[in-house]
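Just below is one structure, and these are the notes that go with it.
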């Protein structure tokens, strides 16, 4: 299982323990993908992130939810491949 770190809003800045300033999370359960195979969840989150950015703009903060999910669930090699495909115009998904 992979995790992503987020800044804990309630952390004390004078604390010497750096890890107390972060909260470990993983991608939440999505009822569209009830099985353990996360391939489709990974791909759909990648597509949803880029759709959201295209439709709402790069500064729209709620899009970052999808980015956290795909960065957590997808292997880096897949992300790099899909980024290259998007740049070259050969990405198979509808963004």
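Backbone N, Cα and C atoms are what each Cβ position is placed from, and that goes for glycine too.
Sequence annotations record features per position, and here TrEMBL assigns disulfide bond to 42-74, 52-63.
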Spatial neighbours, same chain, of residue 63 (disulfide bond) - Cβ under 8 Å, 6+ residues apart: 49, 52, 53, 56
Spatial neighbours, same chain, of residue 42 (disulfide bond) - Cβ under 8 Å, 6+ residues apart: 70, 73, 74, 78
Packing count at residue 74 (disulfide bond) (other Cβ atoms within 10 Å of its Cβ): 19
